[in-house]
Amino acid sequence: MLDTQIQELIIKWQKYLSLQKNYSNHTLISYNNDLKHFLEFMNYYNSDIVTMDYIKAADIRLMRSWLAKRKCDNFVTSSIARGLSAIKNFYKFLEKTAELHNHVVFSIKSPKKSKLLPKALSEEEVNISLDHIEEYGNSQWIEIRNKALLVLIYASGLRISEALSITKLHLQNLEFIKIMGKGSKERVIPWLAIARNLITEYLEKLPYELKDDEPIFRGKQGKKLQPPVFNRELIKLKRFYGLPEYLSAHSFRHSFASHLLENGADLRSIQELLGHKSLSTTQSYTKTSIKHLETAYVTAHPIKK
């Protein structure tokens, strides 16, 4: 499907994104899959092995056909937009390393993403989750692992990928955790006693020896715990207790921000805690909280009774 030169360039591109651009593992996997899909489509479109000549000759018709195929395959708008970003990134890399120029690819506009408000759980729903997450797990150490991880995410507002990257080295300071977030941006987060105590208990029960620089959250075989595995535990929880369908590890990060805002924290502080580059990203939580207040107002105001 691909000639040798392109295969070698893809490997170099992946190393470039990982080592020089410090892209997250999640982004690397997504970009790699997007490029693979694009090149498979190019192979089908031209009925021939993909060579540098075909890469260079990609025209508006091919690009639009590929985007249409993504839409027909039920890719959501955000995934289509990300796929286009991946292809543009690859072509930009080819400009630098292979002196290959294609202005058509860069002229394609990204589809507009619908602005979905982050969905937060109510405090009651969070408490139900924290109280019962230990019921899911086939051994005691996995049960306490699940609770420790969920409490850590909600107490600190971490992304699931950030929480799963925590090592013993992160735990040396009893008051703060230093996290390396998106774009290699470091932030400092208060280290609450409830999360610290649960993690200490979890490490005491963990049946595997870990080096100080190894991620502490492990799967049942002792390998680093992966987000889909933990989210499967949350699926069991939400189905049994009738919790919202959107409940996921990430919804507890949203809940962290929304509950802080509802309890008087200022936006700038929440922005720093979440590691948002732009304040406008954090402001979406204002809309969520206002919506929550509207619902409470309509339900509880005496004039409606």
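Every residue gets a Cβ built from N, Cα and C, even glycine.
So that you can see what the record holds, here are the features copied from Swiss-Prot:
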- 4-95: domain 'Core-binding (CB)' (DOMAIN)
- 116-298: domain 'Tyr recombinase' (DOMAIN)
- ARG159: active site (ACT_SITE)
- LYS182: active site (ACT_SITE)
- HIS250: active site (ACT_SITE)
- ARG253: active site (ACT_SITE)
- HIS276: active site (ACT_SITE)
- TYR285: active site, O-(3'-phospho-DNA)-tyrosine intermediate (ACT_SITE)
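Swiss-Prot feature annotations superimposed on the structure.
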| residue | record | DSSP class |
| --- | --- | --- |
| ARG159 | active site | coil |
| LYS182 | active site | helix |
| HIS250 | active site | helix |
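Applying DSSP to the domain 'Core-binding (CB)' (4-95) sorts its residues as follows: 77 helix, 1 strand, 14 coil. Cα to Cα, ARG159 (active site) and HIS250 (active site) are separated by 6 Å. Counting Cβ atoms from all protein chains shown, LYS182 (active site) has 16 others lying within 10 Å of its own Cβ. Annotation: ARG253 carries the greatest number of neighbouring Cβ atoms among the active-site residues HIS250, ARG253 [cut-off 10 Å, Cβ to Cβ]. The average pLDDT for the domain 'Tyr recombinase' (116-298) in the predicted structure is 83.
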